[in-house]
Amino acid sequence: MTKTIAINAGSSSLKWQLYLMPEEKVLAKGLIERIGLKDSISTVKFDGCSEQQILDIENHTQAVKILLDDLIRFDIIKAYDEITGVGHRVVAGGEYFKESTVVEGDVLEKVEELSLLAPLHNPANAAGVRAFKELLPDITSVVVFDTSFHTSMPEKAYRYPLPTKYYTENKVRKYGAHGTSHQFVAGEAAKLLGRPLEDLKLITCHIGNGGSITAVKAGKSVDTSMGFTPLGGIMMGTRTGDIDPAIIPYLMQYTEDFNTPEDISRVLNRESGLLGVSANSSDMRDIEAAVAEGNHEASLAYEMYVDRIQKYIGQYLAVLNGADAIVFTAGVGENAENFRRDVISGISWFGCDVDDEKNVFGVTGDISTEAAKIRVLVIPTDEELVIARDVERLKK
């Protein structure tokens, strides 16, 4: 038995989960928030307990030290060397990383170079890797990429209709994201349906504050909604998703909001989506509450959100020539029953239908009516478990 920790480092946060492997038992999990700010918050959950403390945490290395010391303080481990492997979520692997990889040689430098593809994510992911390397230099360290699952896409799906030189020289193509989640729920869907994954055609919908939809055939990604960066695809909590590119130069010319690349990134990534249209919130719970109160902007935002998701599902039904199941996962996909009902009701003529008695908050599994030809599944994602499994596989 070994202890492996899965890490998801953000620019000011560190989410973690400690596993006993190969039993895949969660020993503890936690979240450190507001790194680099005053009054940082560290939360540790274990054995049904939850402990929280307010600290000043200056950087990721200090955050990792606090995490490890808490594991000892709460008697979850006796010493640092009980942890034999650490896996790090990294958003962008580009064309260079086609699978999870042990951190050695120039791997970390390559991860940092690929920050051009995920400027909001890769630098923070790399900071987490460096912090653990500094404190636990001798354990196996693995990077697990959101993009790896999508490297199976055919060229017709990942290329953009731009001059070829922008692909060959600048690597402009679709990379996708959330691959670890899509891979996990596809495997769980096969178990739930009692059929080999290789025989299935699935549409997996990872819908959280960020969101993406993937067409999965025989266990492989054949197309996905996110593009060159996680900005593409469906409308999201604060991101536009797909828009006409000509909007950008138009707004640069006629408004004061788009003067620099940073301005463009800020508006499209952080001020748009549900938040931008509703002028209220990026959180689906707030949007649904505002809709119930008759708020027009919130209602429009919700309708646009559902509409974009329905269109991508329809598109991928065409790509796959039908589907065996549509899978909902992540924060909104797992918990917003009205949202699931509304998405499916608009595409019911494809042969999918939701049973209202099964489609309730907190329920997972098959929520379809008996007569539905395409099953509708709710499956909680577990990206941390996939990361831990990859660490164990690569340690061998």
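Placed from the backbone N, Cα and C atoms, the Cβ positions cover glycine too.
Features as listed in Swiss-Prot:
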type	residues	note
ACT_SITE	ASP146	active site, proton donor/acceptor
BINDING	ASN8, GLU383	Mg(2+) binding site
BINDING	LYS15, HIS206, ILE207, GLY208, ASN209, GLY210, ASP283, MET284, ARG285, GLY331, VAL332, GLY333, GLU334, ASN335	ATP binding site
BINDING	ARG89	substrate binding site
SITE	HIS178	site 'Transition state stabilizer'
SITE	ARG239	site 'Transition state stabilizer'
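Structure coloured by features recorded in Swiss-Prot.
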residue : record                             : contacts (Cβ under 8 Å, 6+ apart)
LYS15   : ATP binding site                   : ILE7, ASN8, ALA9, GLY30, LEU31, ILE32
ARG89   : substrate binding site             : ALA6, ILE7, ASN8, ALA9, ASN125, VAL144, ASP146, THR180, GLU383, ILE387
HIS178  : site 'Transition state stabilizer' : ASP146, HIS206, GLY210, SER212, THR214, MET226, ALA330
ILE207  : ATP binding site                   : ILE234, ILE309, PHE328, THR329, ALA330, GLY331, VAL332, GLY333, PHE339
ARG239  : site 'Transition state stabilizer' : GLY210, PRO230, LEU231, LEU268, ASN269, ARG270, SER272, GLY273
ASP283  : ATP binding site                   : ASN209, GLY237, LEU274
GLU334  : ATP binding site                   : PHE328, THR364, VAL378, ILE379, PRO380, THR381
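Secondary structure at ASP283 (ATP binding site), taken from DSSP and collapsed to helix, strand or coil, is coil. ASN209 (ATP binding site) falls within neither a helix nor a strand when secondary structure is assigned with DSSP, and so counts as coil. Binding of ATP is attributed in the record to LYS15, HIS206, ILE207, GLY208, ASN209, GLY210, ASP283, MET284, ARG285, GLY331, VAL332, GLY333, GLU334, ASN335, and the widest Cα separation among these residues amounts to 23 Å. Of all Cβ atoms in the protein chains displayed, 23 besides its own lie within 10 Å of the Cβ of ASN8 (Mg(2+) binding site). Cβ-based neighbour count (10 Å, all protein chains) for ASN209 (ATP binding site) stands at 17. Among the recorded positions ASP146, ARG285, VAL332, GLU383, the residue whose Cβ has the fewest other Cβ atoms within 10 Å is ARG285.
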